[in-house]
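Swiss-Prot has this to say about the protein:
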| type | residues | note |
| --- | --- | --- |
| ACT_SITE | 360 | active site, proton acceptor |
| BINDING | 8-11, 22, 73, 78-79, 100-102, 137, 151, 166, 224, 330, 348, 363, 374 | UDP-N-acetyl-alpha-D-glucosamine binding site |
| BINDING | 102, 224 | Mg(2+) binding site |
| BINDING | 377, 383, 384, 402, 420, 437 | acetyl-CoA binding site |
| REGION | 1-226 | region 'Pyrophosphorylase' |
| REGION | 227-247 | region 'Linker' |
């Protein structure tokens with residue numbers, strides 16, 4: 001026996017008013033269906049079947065996974081018809097879990113409880129109680145037992161008053177589900193083959209039906225339009241913010257924090273407002289992230305601070321470093337311990353050594369900077385000739401004066417001093433002072449031009 005997961009992703013999503021298939025619309029910068037696929041893997045899916053229809057080429061382009069079995073639903077004739085397309089791919093003794101590509105917030109823990117609630121010869125449903133159940137299929141019970149589901153358009157007044165609703169998520173035995181699906185008809189207001197009709201069949205066959213509720217109703221929220229998509233995004237971010245705060249992080253305003261990847265935190269991490277986390281980010285102990293900063297695929301060491309409005313991507317920042325405000329660190333940047341990078345500094349494929357400082361208005365690209373180096377304001381490494389990139393090497397204890405250009409390839413020896421306003425085109429030896437600026441001239445009795453009226 002194995003667990004087969006069938007993910008329904010064939011809908012066009014007309015109300016999105018988009019050429020993009022609905023399940024490819026992003027939540028936290030990732031397609032909704034990708035969230036569902038990842039959750040299915042976490043609960044131990046041995047076979048993953050993705051039922052697709054509209055936008056097949058785009059789906060296969062965006063969702064590239066070797067463990068997916070792509071199942072075509074050529075005509076969208078309802079959820080029951082969609083699941084039935086996967087019948088040839090599961091065995092009678094398998095368990096079949098049905099999920100939906102537009103409900104990205106469902107949690108692995110909820111699905112584990114659902115799987116555990118299913119009797120060996122039974123079925124388990126995920127249901128939720130809503131204050132406003134309009135639009136959802138109602139759970140019909142008799143003497144406390146689930147006996148069926150009635151869709152909104154087919155419900156009578158008594159059934160419309162029911163607040164327990166169907167989420168569509170269920171798990172059943174493969175053989176039983178095969179039998180029930182084969183008996184579906186489309187004699188209903190929508191003219192579709194409803195997956196929900198198998199519940200009444202299961203009851204008629206004396207199949208035990210368990211019902212499980214998610215911890216939070218937001219787990220089963222879907223998106224049919226862009227308003228609901230935005231609501232999903234906020235619900236997702238609320239879940240992530242709460243998880244981080246429970247783990248010990250301080251979020252100055254949880255409602256103004258976006259996690260669009262994964263974040264690993266140490267102790268006493270403080271994150272100010274409007275911070276965006278993308279990719280895989282690791283923050284050490286006692287790290288502070290300033291307002292409006294964007295972090296992507298980076299590691300920040302203990303007791304380091306990123307000041308407001310800094311953008312850090314693909315960088316490694318050691319312990320006790322200071323970055324920003326208004327700093328951009330691009331891929332390949334490494335800051336060693338106690339390094340400081342200040343406002344309006346950009347670094348790319350550059351290393352700043354232990355205790356070195358680069359405080360203002362500087363570009364360091366393709367550069368190796370040693371320990372205890374001072375980089376003056378306005379320094380530029382000229383690393384590109386229009387075709388090729390070249391490296392600048394600055395050894396330990398160098399002092400670089402303001403407004404200096406280093407034309408790569410060039411090496412500055414240990415302890416050298418570069419005078420402000422210099423353009424360095426040749427290597428500099430250890431402990432040398434180099435000044436290349438034009439000598440200052442004094443012109444007496446100079447009269448500035450006067451505009452003619």
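First residue shown is number 1, and so on along the chain.
Heads up, the Cβ atoms here are built off N, Cα and C, so glycines get one too.
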> For the binding-site residues 8, 377, 420, which one has its C-beta crowded by the most other C-beta atoms within 10 angstroms?
Replying inline: 8
> By DSSP, how many residues in the region 'Linker' (227-247) are helix, how many strand, and how many coil?
Replying inline: 20 helix, 0 strand, 1 coil
> residue 151 (UDP-N-acetyl-alpha-D-glucosamine binding site) to residue 420 (acetyl-CoA binding site): how many Å between their Cα atoms?
Replying inline: 77
> Short question: which residues 6 or more past the ends of the region 'Linker' (227-247) have a Cβ under 8 Å from it?
Replying inline: 16, 25, 27-28, 32, 104-105, 216, 218, 221, 254-255, 257-259, 263, 265
>> My understanding is the cutoff is Cβ-Cβ under 8 Å with a sequence separation of 6 or more in the same chain; which residues meet that for residue 437 (acetyl-CoA binding site)?
In response: 419, 420, 421, 422
>> Neighbour count, 10 Å Cβ-Cβ cut-off, for residue 78 (UDP-N-acetyl-alpha-D-glucosamine binding site): what number do you get?
In response: 21
>> Please give me the CB contact count at 10 A for residue 383 (acetyl-CoA binding site), counting all chains in the structure.
In response: 23
> Which of the listed binding-site residues (102, 151) has the least company, meaning the fewest other Cβ atoms within 10 Å of its Cβ?
Replying inline: 151
>> Nearest by CA distance to residue 384 (acetyl-CoA binding site): which of the binding-site residues is it, out of 11, 78, 102, 330, 374?
In response: 330
>> Please report the distance from the Cα of residue 330 (UDP-N-acetyl-alpha-D-glucosamine binding site) to the Cα of residue 383 (acetyl-CoA binding site), rounded to the nearest angstrom.
In response: 15
>> If you count other CB atoms within 10 A of each CB, which of 11, 101 wins among these binding-site residues?
In response: 101
>> Just to confirm: which same-chain residues, 6+ apart in sequence, have a Cβ under 8 Å from the Cβ of residue 224 (Mg(2+) binding site)?
In response: 13, 15, 16, 22, 102
>> I'm checking region-level scores; what's the whole-number mean pLDDT for the region 'Linker' (227-247)?
In response: 97
> Considering all pairs of residues in 377, 383, 384, 402, 420, 437, annotated in the record as contacting acetyl-CoA, what is the maximal C-alpha distance expressed in whole angstrom?
Replying inline: 22
>> Quick check for the class: what is the C-alpha distance, in angstrom and rounded, between residue 374 (UDP-N-acetyl-alpha-D-glucosamine binding site) and residue 402 (acetyl-CoA binding site)?
In response: 10
> In whole Å, how far is residue 377 (acetyl-CoA binding site) from residue 101 (UDP-N-acetyl-alpha-D-glucosamine binding site) when you measure between their Cα atoms?
Replying inline: 52
